[in-house]
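Straight from TrEMBL, the features:
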TRANSMEM  33-51  transmembrane segment
TRANSMEM  100-125  transmembrane segment
TRANSMEM  145-165  transmembrane segment
TRANSMEM  177-194  transmembrane segment
TRANSMEM  231-252  transmembrane segment
TRANSMEM  259-277  transmembrane segment
TRANSMEM  283-302  transmembrane segment
TRANSMEM  323-345  transmembrane segment
Amino acid sequence: MADEHWQALEVAHRIVFGYGHLTWEWRKGIRSYFHPLVFAVLYKVLALFGLDTPWFMAHSPRLLQALFSAVGDLYFYKLSNAIFGNSVAKWALFSQLANWFMFFCFNRTLSNSLETVLTLVGLYYWPCMRASPSKAPLVLRKWGLAIAALACAIRPTSAVTWVYIGLLELAVTRDRLKFLVLEVVPIGALVLGLSCLLDRLMYGSWVIVPLNFLKFNFLSSGGDYYGTHKWHWYFSQGFTVMLFTFLPFSIAGSIKSKCWKLSGLIAWVLIVYSVQGHKEFRFVLPMLPIALMFSGYSLSVMEKADSDSRRKGSLDSHMKRPSKVGFAIFFLLATNIPMALYMSLVHQRGTEDVMIYLSKEAQNQKVKGILFLMPCHATPYYSTLHYDLPMRILDCSPSEEKGIPDESDHFMMDPVSFVSTLMTNRSLPSHVVLFDSEEQLLRDFLISHSFTEIRRFFHAHFKVDRDLQASVVVYALAN
């Protein structure tokens, strides 16, 4: 995913090493430095110990996110246990670990991944989420508030989740005025103040990121520039694809458990996000574990039914017939494991592979400059290359006026004319990177300018949101 590199790692690389590309979001001040600083600390440690090699630069951020995800798994189990008990908790954890989308996305360095971890940790500390809210120590709620505020600082849209939880807590708490005045306001103000101070330090001026984020994404629908979907997309496609074969188990668990506060949370978040035109799978990632908790409830019920059946029937009759839960486990693993492995290890891997290759070539002094003739932000950038040399990508900053195409659009409309103009006005790079779909149109042009194909990396078997981009091709300028 492009966003995992450009929204965090590229920024972190610039903070630590002094070079890296900041996308238009940072010029508009709609991103907080809170999340990139997590990886900036990692990069600084690598640099201090001389470990900032191509391998570590490409893989260590994922390893760090894997540690965060492990914390999320732990608190997911604790949350499930606090709400439904141990039997459901173990099956909920199985569902989380076996779900293809959690496997695919949870360890990626997206702000949504860390938001999901903080959501699971935060929910565990809120009394309103417990089976008996009145018995939970109120000191836990302060931790829940702090974590909720931190999640909102990292990703302002997390407020959608915490407004629902806050109202739920307000409905069950005894002293509502104390909750609002002595807990919500001071803790929220403290975290917001620290976030603003950090952004003031990094931006060099006062920038209220949550306000800018709200203006761009909700008040002006700026996100629609990158595509829109029908209002029902999360219900009919997005969230259902994320759940995949866990969907019927999650629906059944939601009905059987009658835990309407959790069902309501999922519905609330999906409905609010459905109002926006621009939609992505990752936006609703924090709700996926909650839905998988209901799947765990279904599997727990099935296990109990199998146990009751064994007690009532004879051992011989049981041995002849496989258990329902055993069949369900086989079905879920057989459908999710291939999907998880294919999407994580095979699908759209070319843009990652090409940058790892170019990084090694750059370290060996074989690369002098790179031109990326591809849709914007298609590959990682300096955070993976980790070598200070000239690189050029096609700009896709949204225009102030709707309907005006950006550089990436101009290139896709007429690749030959665009590249002819581009190379006339600048010195030739040593390497050109592009997808094979555009390479077919530009091959003669590149050859006429003394470029030759040197490597080709597999990328995808089928198209997603554009024409099939089967491979990533690298051309080099002949000596």
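Note: Cβ is positioned from N, Cα and C throughout, glycine not excepted.
Please treat TrEMBL annotations as automatic predictions, because they have not gone through curation.
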Long-range Cβ contacts under 8 Å made by the transmembrane segment (145-165), restricted to residues 6 or more beyond its ends, are 32, 34-35, 111-112, 114-115, 118-119, 121-123, 125-126, 128-129, 183-184, 187-188, 190-192, 194-195, 209-210, 213-214, 217, 264-265, 268-269, 272-273, 283, 286
Among 100-125, 177-194, 323-345, point out the range having the most Cβ pairs under 8 angstroms from the transmembrane segment (283-302). 100-125
Can you tell me which of 177-194, 231-252, 323-345 gets the most C-beta pairs within less than 8 Å of the transmembrane segment (100-125)? 323-345
